[in-house]
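The block underneath contains the structure these notes are about, expressed in structure tokens.
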Amino acid sequence: MACPTQVLCRALRTVGLVLFYYVFSIGITFYNKWLMRDFHFPLFMTLVHLVIIFSFSTLTRYFMQCWTGKPRVTLPWKLYLSKVAPTALATALDIGLSNWSFLFITISLYTMTKSSAVLFILFFSLIFKLEEPNPFLILVVLLIASGLFMFTLKSTQFNLEGFIMVLLASFIGGIRWTLTQVLMQKAELGLQNPIDTMYHLQPLMFLGLFPLFLLNEGLSVSTTEKLFRVSELSHLLYSLVTLSVGGMLAFGLGFSEFLLVSRTSGLTLSIAGIFKEVCTLLLAVEFMGDKMSTVNWLGFAVCLSGISLHVGLKTYYNKGNGPMVRQLPVRDNPDLELPLLQTIEDYCEDTNDEEEQEILY
């Protein structure tokens, strides 16, 4: 058994990693909402973030290669376009629509609607037969859907256009996370390291989102006085700095999520995510002027109970109490027998310590 000192150190480390994750996750939500008040070009902002994330990923891969002496994986073009492109397109649309919705809706409505992504992940898992049907899943769906309905029904700051955008983003997010998990679990691709995944995703995400940007914001961005028609250099520098800060927050969010999972477990991330939603709503009401009625809070509680039930079910079945996920079909590589919806903690247990240290460095 671990001594009390080790238990305390482990607990403090977990709390520190959760707070580190909260800084980036909550920070980027409020930062993007704040930026959208004066900078009405969410798609352009997203493109800038993608460039920054790609740059940081490239630098990180370079330093990892120098430290370990091992070359990082680089996919050939044929494999890159056929395997990575669907995930990249779904991710780009999810992030782009999420940022776009900030022009219309409050943080509280965004947070609540975005929580419905669990519904769509379950939906696609069942459609593609990646997850075994379970009667409890019906209860999960009913709780989350009922909570979302109660929240939007009595919302005094409801905006239909923004709501549809973020709901569509959640729908696409269900596809995104399913494809991302498939991508990272395919051993022959070698993209188990999130830094390598981020590096490969960003260019195709940029290309996928760029036509939508040209169609909706291209002319406006080229004529705005905040960027290309500035009258003073200080205004241009201010715009570039504020956009760059958002990009660094986006990269930090991905890194903090992985750091939390690799040092604790996927269950810790899931539980932390539930409390993060609560913190986000409380901060939005306190500092952003969001208004929530008793029915809104009740709807939020019902939705969180559905998400909590889903997390609990995943934990129960992953402890060997029954099949909840299907296995990938056996091929030439035995590593492909990983369950498609395997939780992160299971994956980390399958990874040896040396590889984990290499990833963290």
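Just so you know, glycine gets a Cβ as well, placed from its N, Cα and C.
Heads up, TrEMBL stuff is auto-annotated, nobody curated it.
Counting same-chain residues at least six beyond the ends of the transmembrane segment (12-31), those with a Cβ under 8 angstroms from any Cβ of the stretch are 107, 110-111, 245-246, 249-250, 252-253, 255-257, 259-260, 263-264, 268-269, 272, 276, 279-280, 283-284, 287-288. Under the heading transmembrane segment, TrEMBL lists 12-31 (among others).
TrEMBL lists 15-309 with the feature domain 'Sugar phosphate transporter'.
Under 8 Å from some Cβ of the transmembrane segment (43-64) lie the Cβ atoms of residues 32, 35, 72, 92, 95-96, 99-100, 195-196, 198-199, 202-203, 205-206, 209-210, 212-213, 216-217, 221, 243-244, 246-248, 250-251, 254, 358, 361, all in the same chain and six or more residues away from its ends. Residues or ranges marked as transmembrane segment by TrEMBL: 43-64 (among others).
What TrEMBL records for 112-130 (among others) is transmembrane segment. The list of residues near the transmembrane segment (112-130) in space but at least 6 beyond its ends in sequence, with Cβ under 8 angstroms from a Cβ of it, reads 98, 105, 137, 140-141, 144-145, 147-148, 151-152, 163, 166-167, 169-171, 173-175, 177-178, 277, 281, 299-300, 303-304, 306-307, 310, 325-326, 340-341.
Below 8 angstroms of C-beta separation, residues 109, 112-113, 115-116, 118-119, 122, 126, 163, 295-296, 298-307, 309-310, 313 of the same chain, each at least six residues beyond the ends of the transmembrane segment (136-153), sit close to that stretch. The annotation transmembrane segment is assigned in TrEMBL to 136-153 (among others).
TrEMBL lists 160-179 (among others) with the feature transmembrane segment.
What TrEMBL lists as transmembrane segment is 199-215 (among others). Proximity of distant same-chain residues to the transmembrane segment (199-215), defined by a Cβ-Cβ separation under 8 Å and at least 6 residues beyond the stretch ends, is recorded for 43-44, 46-47, 50-51, 53-54, 57-58, 61, 72, 75, 80-81, 84-85, 87-89, 91-93, 95-96, 191, 221.
The transmembrane segment annotation in TrEMBL covers 236-255 (among others).
The transmembrane segment feature in TrEMBL is assigned to 267-285 (among others).
Taken from TrEMBL, the feature transmembrane segment covers 297-317 (among others).
Long-range contacts of the transmembrane segment (236-255) within its own chain (CB-CB distance under 8 A, at least 6 residues past either end) are made by residues 21, 23-25, 27-28, 31-32, 35, 39, 45, 48-49, 51-53, 56-57, 194-195, 198, 226-227, 230.
In the predicted model, residues of the domain 'Sugar phosphate transporter' (15-309) average a pLDDT of 82.
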